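Colleague: Okay, here's the structure, questions in a sec.
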Amino acid sequence: MSQGPILELRGINKSFGPVQVLHDVAFSAHAGEVTALVGDNGAGKSTLVKCVGGIHQIDSGEYFFEGRKVQVHGPRDAAELGVEIVYQDLALCDNLDIVQNMFLGRERRSGLVLDEAGMEEMAAKTLEGLSVRTVKSLRQHVSSLSGGQRQTVAIAKAVLWNSKVVILDEPTAALGVAQTAQVLELVRRLADNGLAVVLISHNMNDVFAVSDRIAALYLGRMAAQIKTSEVTHSQVVELITSGRSGELGLGNGNGATS
Amino acid sequence: MSQGPILELRGINKSFGPVQVLHDVAFSAHAGEVTALVGDNGAGKSTLVKCVGGIHQIDSGEYFFEGRKVQVHGPRDAAELGVEIVYQDLALCDNLDIVQNMFLGRERRSGLVLDEAGMEEMAAKTLEGLSVRTVKSLRQHVSSLSGGQRQTVAIAKAVLWNSKVVILDEPTAALGVAQTAQVLELVRRLADNGLAVVLISHNMNDVFAVSDRIAALYLGRMAAQIKTSEVTHSQVVELITSGRSGELGLGNGNGATS
Amino acid sequence: MTTETLPEQRASDSRAGVHLRNYFERVRGGELGALPAVFGLVVLCVIFSVLRPAFLSAINFANLFTQGAAVTVIAMGLVFVLLLGEIDLSAGFASGVCAAVLAVLLTLEGWPWYLAVLAAMLTGVLIGLALGSLVAKLGIPSFVVTLAAFLAFQGVVLLLVKNGTNISIQDGTILAIANNNVPPLLGWAGAIVGVAAYAVIQITQARRRTGRGLVADPMSVIGFRVAALAAVAGVAVYVLNLERSSNAAIVSLKGVPIVVPLIVLLLIIWTFVLRRTAYGRHIYAVGGNAEAARRAGINVDRIRISAFVICSFMASVGGIIAASRANSVDPNTGGSNVLLFAVGAAVIGGTSLFGGRGRALDAVLGGAVVAVIENGMGLMGYSAGVKFAVTGSVLLLAASVDALSRKRAATGGRR
Amino acid sequence: MTTETLPEQRASDSRAGVHLRNYFERVRGGELGALPAVFGLVVLCVIFSVLRPAFLSAINFANLFTQGAAVTVIAMGLVFVLLLGEIDLSAGFASGVCAAVLAVLLTLEGWPWYLAVLAAMLTGVLIGLALGSLVAKLGIPSFVVTLAAFLAFQGVVLLLVKNGTNISIQDGTILAIANNNVPPLLGWAGAIVGVAAYAVIQITQARRRTGRGLVADPMSVIGFRVAALAAVAGVAVYVLNLERSSNAAIVSLKGVPIVVPLIVLLLIIWTFVLRRTAYGRHIYAVGGNAEAARRAGINVDRIRISAFVICSFMASVGGIIAASRANSVDPNTGGSNVLLFAVGAAVIGGTSLFGGRGRALDAVLGGAVVAVIENGMGLMGYSAGVKFAVTGSVLLLAASVDALSRKRAATGGRR
Amino acid sequence: GGESGDTSAQSTDAASAAPAKAGKVGVILPDSKSSARWETADRKYLEEAFKAAGVEYDIQNAQGDKTQFQTIADQMITDGATVLMIVNLDSGTGKAVLDKAQSQGVATIDYDRLTLGGSASYYVSFDNTKVGTLQGEGLVKCLTDKKADKPIVAELNGSPTDNNATLFKNGYDGVLQPKYDSGEYVKGPDQSVPEWDNTQAGTIFEQMLTQEPKIAGVLAANDGLGNAAIAVLKKQKLNGKVPVTGQDATVQGLQNILAGDQCMTVYKAIKKEADAAAQLAVALAKGEKPAASGSVKDTESGRDVPSVLLDPQAIFFDSVKDVVADGFVSKEELCTGEFAAKCTEAGIG
Ligand SMILES: Nc1ncnc2c1ncn2[C@@H]1O[C@H](COP(=O)(O)OP(=O)(O)OP(=O)(O)O)[C@@H](O)[C@H]1O
Ligand SMILES: Nc1ncnc2c1ncn2[C@@H]1O[C@H](COP(=O)(O)OP(=O)(O)OP(=O)(O)O)[C@@H](O)[C@H]1O
Ligand SMILES: [Mg+2]
Ligand SMILES: [Mg+2]
């Protein structure tokens, strides 16, 4: 590897009661690169991301950030490290409006008072960049938004901040054609600006279009983590559906990284 | 048209408070055909579907079913007509398990008592057909399911019943490669069995793969309703993003149907 | 193991070892069911028995049941309303109104007991219909509707019992409900029949499931459950059949108090309704996600109304028990802390105030906690102020035992 | 119109006509804000004035404020807890405990009034800290924690005031809170300053927004709002400055009761906290979706604890007002229906019990409804039973006016 | 507090302000649950007396809630009452109400309960400590009749938040404490019943009996509490063997006495009390300054309050007929069903 990974996980295990969801998973993300995390439904992608974000406590395993071993006990810890995540279950507050949601937990103030005008302005600018055209007002409650609009708000919320790692869990699932293109472009732009970006997606075209590396999860195990340029479409699909593809993937032993 | 549409809407208007979301929309779905409903984020697709399903009351307009004019005041009315819908915001009860959700409102009984074993068996069979492999137990609460698993449950719930019209609002958004293929196959199979299927999707490949007709919504107006075979990929994208494409689409007047 | 696919898994796993291991894993994973409430109950009982040996006497054991019966029954009804995420503040005074109707008809009007009981229950049903309709049809928050009813019923009781007099109840049948006991032999017979029926139902169910190739509880686990039930029932009946009269020469006092089979019966009925009928399923659905239930074609309004009807009906039963126990009805019947204790019982048992989670058993377990506290505190002989303060602390103690055991077991992700 | 894209729309629409049209559309669309509660209030006032002309007298108007003050203040604190979807059943008796602390220190220990008030408020804060920590850190449902506290505090009050006696308060400053009036001129001055400040804030805000190119309320609308506020404040101060003593020769009774500026001040402070500070935003976020708030890095436990602290603190203020009004503290202070009326006030005002929706103003509006009902019923001269029954019905009436107007306006889709 | 002379001067002022007709009397009763008397007896007798005198009146009940108590007082003054007669819930609120009324020139009467430190012009009452004394003496009599040897006495007190309950307790403890001290009686469990709640009283007494099964006498503070104790005793067939006291001479209590389950109750001739108070109120309303038969010293302010004091009466099996004769309860409601024979035995009718 040219450069040490900014985020690195080793030997992560995670169970919910009797069900073990992640088995000894290793994962890394490098600055300036887009790492695609792929896997079948229920493979454990979202669970892995939630472990990174501190939503779930890991049962065992090591968490390295910029080479240092860290303990992440909650979302605040992750945010302090500079990890920003768009979760699959968007986690917006339905009773707040778009601006309020976008700045939640990191409100801009002047003195004690919230700087509403400033926040509204910034929110409008960010959303414009994501080509949302049908939102009537930024002061609309998010409960009244369409599926794609909600997703756009969640994405906009994550990219507002100066972070080092951005993780997007199926960000384009509900987006239209134009919006999807915008988001993919944004992903590439973030990576080019030196951030480490992790993109979860079921769409192989998108994955191949923007990613530098691909990590494939199979039934809670890391089947392979490889350079995008070194694999083909069908190899990745095979990794996703059966956990192995020729040389690559889970052998008799456990997951192998390139 | 070869045969009268089984479901037909004319001049539908729908507002939420000061915001008018649907403008004089016409829409029809034919037995034995897959009608794709496309449109940008926030175009009003989900709202239209909810009007069909009786979730929202329409402000004005006519609703024909099998040629008869009908009044749909709630989800029960729609279900009685034989309209089955997978909503975008899946609407599952988090505190119930998979089987309970799938049979909600239409439980099988023997006498007074619920026929749990029978329902579990049927649910297992249906889910198998959708190639879900990672669900540990059918008695798991849906709150613990992954995004794709939830979506699969919602789809399975809708296709369990003998209905005449099946509407799927972005059913494959969260699904993996294999599962998406299964669902598209299912959609085709349903149509071939003589049902009218309406598929909402942002994925043009999927739309062109299975649909017979395409209806494009643009900012709450029906831009065009056309045969799939008569248009190209890029024409549809143009209709979605700008409401018109050459001859097709919104002119000076209002929406034109083929 | 965990990577098994669905079809593979279905018929496997039927060995008791795996089952037990899974059970413990589930307990460690936070699915505690009734355990914490039972644990809290045991802690309380141990404390009280150490402080006051009289707590462990046979007579006190019997007292516990009659003292807690009314609150438990009202709590059982409240579970239905709470399951929907609603609340019924008027349940206490609704029981008072029904008790007053009973007393007026029985004592002042001279009706036979069965007609008076029927009228009282009918009153309960009508109250529930009215409350439920206001909540479901007009969309007024249930807190406000039942707060209004709470005030109004207080007035109705006063008017019924003619502004504050006590109406004595002389009817033997009504008095028997809370004061008499089942003959010892009948008690044994009931316990045996009950356990046997439970065993038969469990076994046939498991058979039917294995017959269809579905995962079923292994026989050893069923055997364990049946044995546990038999032990509990046996000990309870045995203790309750001991002589507990302080002057046995004059009056013999033994047998299971009549309220016990009554509560068991209600528990079975409502558990059946909630777990085995479509109606019960719909209650959970509406409580979990009313919009999803509506979309599934469930008549949400009807479910709401029916839950209030059941709640007020159970309140009427609770009122009848209270009237029987007090030998009279007065304007305080169903008043003071009855409502808060009933809701508290349901919540302590594990029912959520947000809807969607709860069981009829919760009311019984929580009702037992409340009854044990009241009973134990009665033996301590504190002054009023100290008694209130200590009762509150003990209630908190019981709840923390529950909360801590849940928390210890819960995994990071969910609360 | 509605197809405008975001950038186009931003600076347009600033004409009053459009604004008003939008306002009415919004009202028809179900965003009613304070309208239904105000409407219910008006209906009640009309009914009572027709039945009892004395209801409209100046003295009654003044009475209304002092009568409703304690419940309103407690309700304002409860709004914070309710916004989180929690409940505080102990707020009533917490106010009792604080009042008792005040009375003991003031009358028995002879402390100066400011120290005693400080101690009472500190007691409130400590109570809130304890309750909040139990709820947030141990995860016991707030209903159970505060039910336990409800019982315990009842005992604590009894112990503090020595079993059933009562402690008189002689201190002039404390007595003044609920019994004296602001000098008429000062009342006018206060009203004028308040309205002017409101106008200035509104105008600068609008200026700042238009300066940034954002949509702002047009000046005409702001003018209308300021005029409305001025009218309400003017009429209120005018009426309250009328002589209302029935023998003015001996004692003159005029001016705005001191509790009025007190409540207005608290209303402004809490409205500011909820609407203009990050802390307030976080309260709404936790109430709307605690998990989303947690993921946004908000310290949910701290928010929970702080809400209970605010609630108990406001309860202490309510207790001080109640003590002042009663000239004494006894074991019933904060008891009987205080808690239910306070929660009811918040809910009637529009606060949701499920969290995420509510305002400080709700407590004031709902408190006014409750006060008007109690006040009006006091003029009717019913016997105890009838009074309870009628009070309940009137409460229901006020709530239905509210519910029906909301229902009429609501569109099909949402509830 | 001001002197009484001052008060009456003001009330004449008020009367002269409205010379056309006599003033209006407002009465605030304390609650409807601690005792049946307020709504069933006091209200009735007061109404009768005011009607007879042709004076306007307004009688309300504070439901045990002192906030409401003050609200009602405010409302009555708003409504033009010139005489205010209160049964205070506690001296503090009572004093607040009386002071406010006085400042508005409204004449005041303390009815049944003296407001310590208050400014009432008159006080009409039974002596509550005396009631307790009668209860104590009654229990002693019954225990003596039963020839009990070192009996264990349980005390079931009234609401801990009710000051009258404290007065009753002072009364009966004044009789019983010496007997405990001398070892003649044994002090058993002693608990208060919140809000005089009969249901809770049942549980409390049941637990007393569990803890101390040999209880031989019960001092219950009123008939409702007594009945709750009797219901528990009945289960063990101890009713009639363990004497129980009461208060208020309710139908239920009297029936329990006839049945032999209760040993005594205390009858307060409420009609007499009500009539005496009404007489004063009517006089005040007409602008007169009536004279009182005696006076009571306010222990807090040291003021001598002009008073009319009436004597409570202990009722045993033989004297039940006195209550009927007084018209407090009717023979019809008392002698129903099985009690008919007992009534005859007790010489009623
Ligand atoms: N809280 C939970 N309790 C129990 N099981 C859970 C929980 N959360 C997730 N699981 C299980 O863990 C597995 C992995 O879930 P996860 O959400 O990580 O999948 P995913 O890879 O994101 O899938 P998708 O592509 O469908 O989003 C699933 O089988 C799911 O049922
Ligand atoms: N309840 C509501 N109140 C107000 N506005 C609403 C409501 N529901 C939807 N809208 C608005 O109506 C418009 C259409 O929403 P709809 O959900 O129908 O879009 P859609 O075509 O399904 O978009 P997507 O592809 O993102 O799912 C959106 O602008 C949305 O903000
Ligand atoms: Mg996922
Ligand atoms: Mg949609």
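Glycine residues also receive a Cβ, built from the backbone N, Cα and C atoms like all the rest.
Unlike curated entries, TrEMBL annotations are predicted automatically.
In case it helps, TrEMBL gives these features for our protein:
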TRANSMEM  C:32-52  transmembrane segment
TRANSMEM  C:64-84  transmembrane segment
TRANSMEM  C:91-108  transmembrane segment
TRANSMEM  C:114-136  transmembrane segment
TRANSMEM  C:143-161  transmembrane segment
TRANSMEM  C:181-201  transmembrane segment
TRANSMEM  C:222-240  transmembrane segment
TRANSMEM  C:255-274  transmembrane segment
TRANSMEM  C:305-326  transmembrane segment
TRANSMEM  C:338-356  transmembrane segment
TRANSMEM  C:363-382  transmembrane segment
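Where in this structure would I find these features, and how exposed are they?
Modeller: Same-chain residues lying 6 or more positions outside the transmembrane segment (C:32-52) and placing a CB less than 8 Å from one of its CB atoms are 348-350, 361-362, 365-366, 368-369, 372-373, 375-376, 379-380, 394, 397-399, 401-403, 405-406, 409.
Sequence-remote contacts of a segment are chain residues at least 6 beyond its ends whose Cβ falls under 8 Å from one of its Cβ atoms, and for the transmembrane segment (C:64-84) they are 91-92, 95, 142, 178-179, 257, 259-260, 262-263, 266-267, 270, 274, 283-284, 286-287, 303-304, 307-308, 310-315, 317-319, 321-322, 325, 338-339, 341-343, 345-347, 349, 351-353, 355-360, 362-364, 366-368, 370-372, 374-375.
With a cut-off of 8 Å between Cβ atoms, the residues of this chain six or more beyond the transmembrane segment (C:91-108) that come close are 70, 74, 77-78, 81, 115-117, 119-121, 123-124, 127, 146, 149-150, 153-154, 156-157, 160-161, 167-171, 174, 311-312, 314-316, 318-320, 322-323, 328-329, 331-335, 338-339, 342.
If you look at the transmembrane segment (C:181-201), the same-chain residues 6 or more away from its ends with a CB under 8 A from one of its CBs are 62, 222, 226, 229-230, 233-234, 236-237, 240-241, 253-258, 260-261, 264.
Same-chain residues lying 6+ beyond the ends of the transmembrane segment (C:222-240) with a Cβ under 8 Å from its Cβ atoms: 58, 61-62, 181, 187-188, 190-191, 194-195, 198-199, 202-203, 206, 254-257, 260.
For the transmembrane segment (C:255-274), same-chain residues at least 6 beyond its ends with a Cβ under 8 Å from one of its own Cβ atoms are 62, 65-66, 69, 72-73, 76, 79-80, 83, 176-178, 180-184, 186-187, 190, 194, 236-237, 240-241, 280, 283-284, 314, 317, 321, 359-361, 364.
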Colleague: Out of C:114-136, C:143-161, C:338-356, C:363-382, which stretch touches the transmembrane segment (C:305-326) the most, going by CB pairs under 8 Å?
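Modeller: Highest pair count goes to C:114-136.
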Colleague: Are there residues at least 6 beyond the ends of the transmembrane segment (C:143-161) whose Cβ is under 8 Å from a Cβ of it, and what are they?
Modeller: 87-94, 96-97, 100-101, 103-104, 127, 131, 134-135, 167, 329-331, 333-335, 339
